[in-house]
Amino acid sequence: MSSPGTGVVLDDVRVEFRSSGRDGPVVAVDGITQEIPAGGFVSVVGPSGCGKSTLLSVIAGLRAATSGSVRINGRTVTGPDRDVGVMFQEDSVLPWKNVTDNVRFPLQIARVPRAGRPRLGPGHRPGRAAARRRIAQRAQEAIDLVGLGGFERRYPAELSGGMRQRVALARTLAMRPSVLLMDEPFAALDQQTRLLLGAEVRRIWGETHQTVLFVTHDISEAILLSQQVWVMSYRPGTILDVVDVDLPADRDASVVSTPRFNALHNRIWERLRTEAMRGFAQENRFPA
Amino acid sequence: MNVRAPDTPGARRPSVSRAPRRPWSGLAGAPAAVVLMVLAGVVAEVGAAAAWWAPDVLPAPSDLLPAAARIAGSPRFWQDALRTGAELLLSCVFGVVAGLGLGVAFWKAPGAGRVFEPYLVSFYAVPLVLFYPIAIVLIGINQWSVVVLASIMTAIPMTLNTWTGLRAIPPVYLRLAASIGCSRSQTLFRVALPAAAPYVVAGLRLGVAYALIGTVAMEFTTAQAGLGYQVRYLYESFDAVGMYAYILVIVAVSVLLTAVLEIAERLLPRGRDT
């Protein structure tokens with residue numbers, strides 16, 4: 001269903017960091033060439049420190065690649081794009097805004113052009129009230145979509161970590177991005193909450209058909225959620241394996257007991273195990 | 001890791017119940033304060049009547065209050081109060097604006113911040129009132145020398161607190177701002193400064209207190225008018241009753257300022273407990 005050139009196209013993306021040590025630059029991402037078709041759901045798994053978050057930052061336009069390019073729906077990424085929604089691992093819900101105001105925030109920012117808008121008489125511009133109504137409506141839709149109805153006036157301090165990530169998800173979805181980048185969004189949550197929120201993300205993806213790149217270190221989560229799993233190596237980060245998840249589209253958490261799920265899990269784990277050990281050895285300065 | 005009930009909407013987290021934050025709840029101690037003040041007044045009255053101390057040391061409240069009322073009715077008092085009030089207001093405005101600006105500038109240019117931080121921090125310990133003679137030489141004996149020094153005293157805690165607050169923002173807030181396409185000013189005014197607000201407000205409270213201390217102390221030393229000047233003048237002319245009346249006024253002003261700032265702080269958007 002995807003026409004060529006749509007979705008996310010990575011062309012030989014390489015990212016180096018200047019390191020403080022004498023070993024020269026650290027290569028976080030080393031020449032990744034991959035493609036996510038429009039409407040596809042891809043997970044990236046890899047050991048900690050493998051550069052999967054770096055890769056996501058590059059796709060989001062938050063960090064420039066050292067070389068190579070990223071194209072989203074045919075356009076080369078040069079900076080953050082409102083058509084690309086990002087969800088972070090850390091709690092990014094703004095504590096001084098209630099749920100509704102958090103979800104409305106990017107919509108309000110998007111309404112104001114970057115160069116600043118002409119000021120003609122405060123509050124008397126035609127279309128202003130209509131714009132506010134539109135923002136309110138879109139925010140409410142996103143809040144309902146993630147199941148936060150009834151919590152609109154709550155402040156983040158009154159919500160659990162899982163609920164706050166729902167707010168962050170609603171805030172990202174309210175922009176209606178065509179591409180959704182999720183950087184270990186549920187890593188800080190407990191297991192049950194993760195399972196529930198993962199199912200929610202999959203349900204929402206089924207409704208919105210966005211292109212999703214989901215970064216995680218949890219193999220089961222990656223298999224459960226996505227159509228395709230990219231297995232990433234420890235530094236320098238390359239894609240070791242691309243695994244198509246041929247499980248039923250309407251799967252739920254019960255597929256974890258099927259032989260097919262186990263086969264996929266084992267294949268990914270075999271690939272990851274040596275990488276994880278290599279990373280562990282390097283980070284802890286053991287002889288590899 | 002603590003076990004938590006499955007996170008479904010409608011299932012509320014068993015959170016510690018927080019006392020509702022009302023702007024005036026800090027004034028709940030008001031009756032106690034009134035009782036204490038009345039008690040102190042009674043002790044002062046009894047002590048003065050029994051001649052436990054000379055009336056010049058601490059006049060009886062029965063002498064003090066009529067004197068205070070008389071002073072409050074005199075045009076001279078209002079001139080002085082106006083002058084001190086104007087100096088205080090100007091110092092607060094200049095100091096707060098300068099402190100905010102410097103705090104933001106140091107945050108944006110960490111190199112400059114690192115250069116100036118030791119001086120700012122050590123200025124905390126320097127009684128800036130000492131520089132009043134220099135200010136007089138540079139500016140002259142007028143209210144501007146008071147305003148300039150009091151502004152500097154206000155700007156120092158404002159700068160340090162704004163800067164500290166900005167440095168303490170979770171980095172993810174700034175990545176969020178970048179990812180949703182905030183401009184630089186939107187990032188500053190809609191994300192960074194609100195996130196730093198608790199620190200900024202603490203700096204504001206310190207700064208206002210410093211402005212009052214600076215203004216009164218400098219009037220006390222050299223100025224030719226103002227509430228601080230009156231305290232010294234009456235002290236030098238052995239008018240203990242008048243002096244205490246002015247001191248009462250200054251204390252009342254500072255209590256009022258503190259209360260106003262406290263209420264303002266409570267009116268800040270809530271939910272910063274985490």
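Just so it is clear, glycine is given a Cβ too, placed from its N, Cα and C backbone atoms.
Unlike curated records, TrEMBL annotations are generated automatically.
Here TrEMBL flags B:9-21 as compositional bias 'Low complexity'.
Marked as domain 'ABC transmembrane type-1' by TrEMBL: B:77-261.
Taken from TrEMBL, the feature region 'Disordered' applies to B:1-21.
Marked as transmembrane segment by TrEMBL: B:27-54 (among others). Within the same chain, residues 60-63, 259 sit at least 6 positions outside the transmembrane segment (B:27-54) and bring their C-beta atoms closer than 8 Å to a C-beta of that stretch.
According to TrEMBL, the feature transmembrane segment maps to B:88-107 (among others).
The transmembrane segment annotation in TrEMBL covers B:119-141 (among others). With a cut-off of 8 Å between Cβ atoms, the residues of this chain six or more beyond the transmembrane segment (B:119-141) that come close are 148-149, 152-153, 156-157, 159-160, 214, 217-218, 221-224.
Marked as transmembrane segment by TrEMBL: B:147-166 (among others).
For B:187-213 (among others), the entry in TrEMBL reads transmembrane segment.
Same-chain residues lying 6+ beyond the ends of the transmembrane segment (B:243-264) with a Cβ under 8 Å from its Cβ atoms: 23-24, 26-27, 58-59, 64, 67-68, 71-72, 81, 201, 204-205, 208-209, 212, 216, 227-228, 230-231, 234-235. For B:243-264 (among others), the entry in TrEMBL reads transmembrane segment.
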